Amino acid sequence: MLDPKLLRNQLNDVAENLKKRGYELDTQAFTALEERRRTLQTACESLQQERNTRSKNIGKAKAAGEDIGPLLQEVDNLKSALAEAEQNLQALQGELEALVSAIPNMVHDDVPAGKSEDDNVEISKWGEPKTFDFEVQDHVDVGAAIGGLDFETATKITGARFSLMRGDIASMHRALTQLMLNTHIDEHKYEEVYVPYIVNKDSLYGTGQLPKFEEDLFKLTDDREFYLIPTAEVPVTNIARGEIFDESQLPVRFVAHTPCFRSEAGSYGRDTRGMIRQHQFEKVELVQLVKPEDSLNALEELTQHAEAILQKLGLPYRKVVLCGGDIGFSATKTYDLEVWIPSQGKYREISSCSCFGDFQARRMMARYRNSETNKPELLHTINGSGLAVGRTLVAVLENYQREDGSVEIPAALQPYMNGKTVIAKA
């Protein structure tokens, strides 16, 4: 959530910044609600003051032996008027909060202009796409040849956009997860956390999925308003909700491996084949909680941590900075890592690493105690995938495929697969 003071004092500047997203801030609606809020706030304060004055007069009149009946009636009338005014103010503040909650984060100054992913700017590339001397197969056909990817049975069990893995491919999926976790824990010094896969509305509000993106979520059909997590970002970042950290504890680095569940409501007809876009998939998620002055450097660091996995696996990728029109609702700056997919002849997103400034922290009231002022201040939050496990599996199957239908196991994965060097149909 944006700082209400910023909206009150620099509304036009905020509106101008949000235009980089293609978002038109309704300044008139905000101004009208804010003026009504100030009027009601003033009325409440005036009624409170008048009630307090009249209450004191009752004591004086009683001491002087005067009839206090009329004064008691006046105080009762003021109490009723104040209660009504406070109720109206509370309702108006709810309207104002709903409006502000739907406003996306401001983008950082160096975020490029643009309307869509076509306008994202490439920052760097690593590795060279392999040249094959045979016809490249996509991961669906590679998996079918090995006998380890079964979409038909998954569809029978559940429906479209689910997958079933078995044998060496299931083992490779697990090995990728272990490689990611061990790298981030042992080398990058993240603390592993195990979190709930079901969250409440407050958690989803805190990270910015609610109220705007409810259609993308799987909601449990009971009266508790629980949801399956769309990303580990939600439960992991919400560890900080309502907390005040000592400055000496920062930065806090968490890593978690979880399944993720998304309805893909806006993706009808896109990536319907294979594992690229699934209702259920797994990720290893990185989250950092830092002081405001450290957040942009932390974004660079976290992105490098995600890149390290791709480099260990020898997978060609590129790094792009998202333009204003493609950046997420809560983010102020985002890098995407896109891995080379040979069957498609292009790079596809495998990790999105974002700095949120204090946007999520304000919604969650996640703070740290400034050692100089001894006052609590809002944290900055950063998160990213390190990496999406299923898409990494796709990239390995395609980039390491061989003409005979087998798949070479990257050296970094071999210790996690009992020293195997190749997977092939049994």
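Glycine too: its Cβ is placed from the backbone N, Cα and C atoms.
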Can you tell which of Ser163, Ser371, Ser385 Swiss-Prot lists as binding L-serine with Thr231, Ala232, Glu233, Glu285?
Ser385
Rounded Cα distance, in Å, between Arg262 (ATP binding site) and Thr231 (L-serine binding site) is 9
For Ser352 (ATP binding site), what is the secondary structure state per DSSP, taken as helix, strand or coil?
strand
Same chain, 6+ residues apart, C-beta under 8 Å of the C-beta of Ser263 (ATP binding site), given in sequence order
Glu215, Asp216, Leu217, Phe218, His279
Distant-in-sequence Cβ neighbours of Ile350 (ATP binding site), under 8 Å, six or more positions away
Leu310, Tyr317, Leu337, Glu338, Val339, Ser385, Leu387, Ala388, Arg391, Thr392, Ala395
Near the L-serine site, what residues other than Thr231, Ala232, Glu233, Glu285, Ser385 in the same chain have a C-beta no further than 8 Å from the centroid of the listed C-beta atoms?
Val234, Val236, Ala256, Thr258, Cys260, Lys283, Leu286, Val287, Asn383, Gly384
For a quick check of packing: other C-beta atoms within 10 Å of the C-beta of Ala232 (L-serine binding site), how many?
26
